[in-house]
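Asker: Pasting the feature list from Swiss-Prot:
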- 6-26: transmembrane segment (TRANSMEM)
- 68-88: transmembrane segment (TRANSMEM)
- 109-129: transmembrane segment (TRANSMEM)
- 154-174: transmembrane segment (TRANSMEM)
- 176-196: transmembrane segment (TRANSMEM)
- 204-224: transmembrane segment (TRANSMEM)
- 269-347: region 'Disordered' (REGION)
- 277-286: compositional bias 'Polar residues' (COMPBIAS)
- 287-303: compositional bias 'Low complexity' (COMPBIAS)
- 318-343: compositional bias 'Gly residues' (COMPBIAS)
- 363-383: transmembrane segment (TRANSMEM)
- 399-419: transmembrane segment (TRANSMEM)
- 422-442: transmembrane segment (TRANSMEM)
- 455-475: transmembrane segment (TRANSMEM)
- 513-533: transmembrane segment (TRANSMEM)
- 573-593: transmembrane segment (TRANSMEM)
- 652-685: region 'Disordered' (REGION)
- 654-665: compositional bias 'Low complexity' (COMPBIAS)
- 676-685: compositional bias 'Polar residues' (COMPBIAS)
Amino acid sequence: MKTKRFDAALILILLAAAFLNTYHIWQDDTANQYYLAAVKSMTQSFHNFFYASFDPSGFVTVDKPPVVLWIQTIFALIFGVHTWSVIIPQALAGVGSVFLLYRMVKPTFGVGAARIAALVMALTPIAVAVSRTNNIDSMLVFTLLLGSTCLLRAVKQGKLVWLLTAFALIGLAFNMKMMQAFMVLPAFVLFYLIASRVSLKKKIGSLLLSLVLLTGLSLSWAIAVDSASSSSRPYVGSSQTNSVLELAFGYNGTERLFGQTTGLAKGDMNAAGGGNMQNQDNMQAPNGNGSSFSQNGNQSFGNHSQAPQPPNGQTGALNGGGGTPPTGGNGPGNGGPGGGGGKSVNMFGTGDPGPLRLFQSALSGQISWMLPFSLIGLLGAIISWYRDRRGHAAKMKETLFWAAWLVPVAGFFSIAGFFHQYYLIMLAPPIAALSGIGWYTMHRLYKNNKDWSSYLLPAAVLITAVFQVYILSAYTSQIGSVWMYVLGLLGLGITLALLMLKRSHPFSKLLTIISLCVLLLTPVYWSATPLLYGGNSVLPESGPQLKGSANGGNMFSSEVDSGLLSYLRKHNTGEEYLFATLTTVTAAPYIIYENESVMAMGGFNGTDPILTVSELKKLIKEGKVKYFLLSENNSGNSELVSWIKKNGKEITSDEYSGSSSSTNSVQGMRRGPGGESQQTLYLVE
């Protein structure tokens with residue numbers, strides 16, 4: 001009986017992926033507080049768990065569906081609410097994606113192509129950066145790859161159950177990140193139509209049934225929430241009508257393409273007109289002794305570091321990574337997990353819309369290192385199929401699946417008006433797969449042909465190396481120019497070797513492997529930068545701009561003011577909420593670290609129309625809340641803010657600042673979408 005042997009190279013690749021995704025996360029005290037607060041709240045009741053409530057009292061939800069947060073909450077219930085316990089699921093998903101890609105490529109293209117695909121996936125910088133956070137996208141990609149695996153099996157085995165499972169997994173993915181999950185639908189439908197061996201009538205019938213299942217699963221949670229009485233559930237965060245369906249197809253749908261048009265506040269983001277934002281680089285991050293809380297007895301968060309000053313006195317508008325932006329110019333602006341935006345499409349450091357957007361310095365370092373190689377490899381696959389259609393039919397169909405994933409997604413990000421850099425992880429699987437497939441096809445053309453097609457491999461190596469040098473040229477202020485010149489010389493040298501030793505078969509395969517190693521040198525370093533320098537938990541990114549950034553200079557997080565906390569606890573007379581504030585940024589640390597219920601009256605960035613003045617009056621009259629912590633530069637929910645200031649008694653910071661040392665680096669200051677601003681406490685009875 002023939003036994004299956006483990007692929008030692010795959011084991012090493014998986015270990016490398018696990019190392020990049022997990023190393024030091026147990027010592028990392030930073031996480032996306034928006035989601036971490038939700039997980040903490042979701043551990044406290046099934047009501048909060050089902051609705052993905054941001055706060056313990058179930059006032060407002062986060063702006064994403066709950067499936068990934070459900071997984072994180074289960075881990076938190078088992079291991080306690082730590083940063084590492086909510087990051088581990090995404091780290092494991094990142095490793096799982098590498099394995100699934102290997103398993104998908106190997107049967108058709110061989111072990112060599114599968115190894116390369118897995119390695120490129122493991123070394124994709126943005127994939128590593130996202131997998132080291134509690135953001136949702138790594139789990140989303142894993143789920144879509146799992147669905148892709150089922151789709152391939154459906155075609156090969158001809159069984160409807162695998163097709164239904166594949167589309168059901170897209171429906172599950174919709175309940176992770178909404179419309180982003182549907183980006184792979186064209187690839188799924190096209191591949192089944194061209195690759196399945198059943199009749200056209202049966203193909204259409206099977207696809208229609210699968211799409212019905214997909215639709216039902218996708219909308220199941222949204223319909224369940226929207227059908228519930230608004231008084232019996234939390235408000236749907238970042239929606240304007242308290243509807244999950246509106247959130248899915250508006251804020252998390254069309255606005256991602258055309259630019260954010262809802263939930264904007266002039267004082268917070270100054271975004272609608274693309275105006276200037278407050279510089280965040282000179283803002284100090286919290287550096288107190290950290291706050292502890294008990295979930296299963298001994299959970300704690302460690303010390304928080306100080307955000308860096310930009311080198312050479314340079315500044316960057318809302319530089320999410322801290323440190324110096326590429327080329328020493330103005331850093332990209334960033335938005336939070338649920339907000340920020342406007343129609344200024346360059347606000348989030350995503351470059352200028354256009355067909356070459358993925359090749360611009362703003363995005364290329366995150367995802368595009370192997371993009372030229374994969375595109376030229378796709379050309380090689382098409383040439384091989386054209387010359388031998390019968391022999392390469394199956395290979396071409398699978399190649400088209402990855403191309404149909406790559407092209408629409410790349411096209412979307414080339415023109416989209418509202419997204420963050422870490423969304424580009426959606427491009428990691430097709431680029432990695434086409435890199436492996438491209439190596440397979442171009443090496444065969446290189447070895448077996450004497451015409452122009454045999455030069456595709458040397459051309460791919462040279463063009464990709466030149467492009468990587470171009471990417472590096474934007475970072476000379478961080479890493480110098482030596483790396484750029486060394487890579488250029490190595491790329492030129494290996495290209496010349498491929499040309500001169502083309503007919504020396506004993507060396508040809510070794511040369512192609514060496515050429516790939518050269519092309520992966522810089523992605524290895526880029527992928528390691530979150531480990532080396534600390535990443536940004538809210539807006540993950542990789543690159544040397546993180547150097548010296550101390551936990552990413554995370555602007556969308558804040559700390560507990562222990563003096564304020566002591567004062568509010570002392571004067572609480574049974575109110576359900578310790579205090580109310582406008583944004584989740586201010587509320588989150590009190591929920592996470594202190595087990596307190598804090599009301600975020602305006603959702604993530606303070607602009608959600610959750611309460612009217614009369615509804616707020618009712619809450620105050622019922623004794624549910626009486627203290628309000630407001631920021632001076634908040635213009636969201638202006639009616640509420642004006643009413644509170646007019647009818648409330650201002651509590652000066654002198655009354656609570658001396659009662660206990662504050663863990664904030666700046667007394668009474670607020671950080672977040674509106675930058676740094678003075679906060680004032682009001683009492684309304």
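The backbone N, Cα and C atoms fix where each Cβ goes, and this holds for glycine too.
For the listed features, I'd like the structural context: burial, neighbours, distances.
Answerer: Sequence-distant contacts of the transmembrane segment (6-26) (same chain, six or more residues past either end, CB-CB distance under 8 Å): 83-84, 87-88, 90-92, 94-95, 98-99, 102, 111, 114-115, 118-119, 121-123, 128, 131-132, 527-528, 531.
Here the transmembrane segment (154-174) has long-range neighbours at 65, 67, 140, 143-144, 146-148, 181-182, 184-185, 188, 191-192, 195-198, 206-207, 209-211, 213-218, 220, 248, meaning same-chain residues at least 6 beyond its ends whose C-beta is under 8 angstroms from one of its own.
Below 8 angstroms of C-beta separation, residues 64-65, 67-68, 136-137, 139-140, 143-144, 147-148, 151, 154-155, 158, 163, 166-167, 170, 203, 206-207, 218, 247-249, 252-253, 256, 394, 397-398, 400-402, 404-405, 408-409, 412, 423, 426 of the same chain, each at least six residues beyond the ends of the transmembrane segment (176-196), sit close to that stretch.
When Cβ-Cβ distances below 8 Å are used as the criterion, the transmembrane segment (204-224) is approached by residues 65-66, 160, 163-164, 166-168, 170-172, 174-175, 181, 189, 192-193, 196, 198, 244-245, 248 of the same chain, each at least six residues removed from its ends.
Cβ atoms under 8 Å from those of the transmembrane segment (399-419) belong to residues 148, 151, 183-184, 186-187, 190-191, 194-195, 255-260, 341, 343, 345, 348, 350, 353-358, 363, 374, 378, 381-382, 385, 426-427, 429-431, 433-434, 437 of the same chain, restricted to positions at least 6 beyond its ends.
Within the same chain, residues 97, 101, 104-105, 109-110, 112-118, 120-121, 124, 126-127, 129-130, 135, 137-138, 140-141, 144-145, 148, 180, 183, 358, 363, 366-368, 370-371, 373-378, 380-381, 383-384, 395, 398-399, 402-403, 405-406, 409-410, 413, 456-457, 460, 512, 516, 539-541 sit at least 6 positions outside the transmembrane segment (422-442) and bring their C-beta atoms closer than 8 Å to a C-beta of that stretch.
A Cβ distance under 8 Å defines the sequence-distant neighbours of the transmembrane segment (455-475), meaning residues of its chain 6+ beyond its ends; these are 326-327, 359, 361, 364-365, 368-373, 376-377, 379-380, 383, 438, 442-443, 445-446, 481, 483-484, 487-488, 490-492, 494-495, 498-499, 512, 515, 518-519, 522, 543-545.
Outside the transmembrane segment (513-533), and at least 6 residues removed from its termini, the chain residues within Cβ reach (under 8 Å) are 20, 23-24, 116, 119-120, 122-125, 127-129, 132, 323, 365, 369-370, 373, 439, 457, 461, 464-465, 468, 471-472, 483, 487, 490-491, 494-495, 498, 540, 542-544, 546-549.
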Asker: Checking distant contacts: for the transmembrane segment (363-383), what same-chain residues at least six beyond its ends satisfy Cβ-Cβ under 8 A?
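Answerer: Contacts of the transmembrane segment (363-383) (Cβ under 8 Å, skipping residues fewer than 6 from its ends): 120, 124-126, 129, 326, 350-351, 357, 392, 395-396, 399, 403, 406, 413, 421-422, 424-425, 427-428, 430-432, 434-435, 437-439, 441-442, 445, 453, 456-457, 459-461, 463-464, 467-468, 470-471, 474-475, 519-520, 522-523, 526, 541-543.
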Asker: List the helix, strand and coil residue totals of the compositional bias 'Polar residues' (676-685) as derived from DSSP.
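Answerer: Residue counts for the compositional bias 'Polar residues' (676-685) by secondary structure: 0 helix, 7 strand, 3 coil.
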